[in-house]
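Undergrad: Feature annotation from Swiss-Prot assigns disulfide bond to CYS4-CYS45, CYS6-CYS35, CYS28-CYS46; the stated evidence is similarity to another entry.
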Amino acid sequence: GVACRCDSDGPTVRGDSLSGTLWLTGGCPSGWHNCRGSGPFIGYCCKK
């Protein structure tokens, strides 16, 4: 999948680790949670 930035990854600055996985539809898979808060963001940033 495509990596995305979780809220816990820090501000969007070059060199940040992207610990989430992008899911476009249907929310996060079972056993995962959305690790990204509100904001202009397409899909869900999910993390185990």
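All positions are counted from 1 along the displayed chain.
Just so you know, glycine gets a Cβ as well, placed from its N, Cα and C.
Just tell me what is around each of these and how deep it sits.
TA: Annotation note: CYS45 (disulfide bond) sits in a strand segment as assigned by DSSP.
Here the Cβ of CYS6 (disulfide bond) has 21 other Cβ atoms within 10 Å, regardless of which shown protein chain they belong to.
The DSSP secondary structure for CYS28 (disulfide bond) is coil. Long-range C-beta contacts of CYS28 (disulfide bond), restricted to its own chain and to partners at least six residues apart, with a cutoff below 8 Å, comprise ASN34, TYR44, CYS46.
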Undergrad: Within 10 Å of the Cβ of CYS35 (disulfide bond), how many other Cβ atoms are there?
TA: 20
Undergrad: Long-range same-chain neighbours of CYS45 (disulfide bond), Cβ under 8 Å, sequence gap at least 6?
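TA: In sequence order, the residues whose Cβ lies under 8 Å from that of CYS45 (disulfide bond) (at least 6 apart) are CYS4, ARG5, CYS6, GLY20, THR21, LEU22, TRP23, ASN34, CYS35, ARG36.
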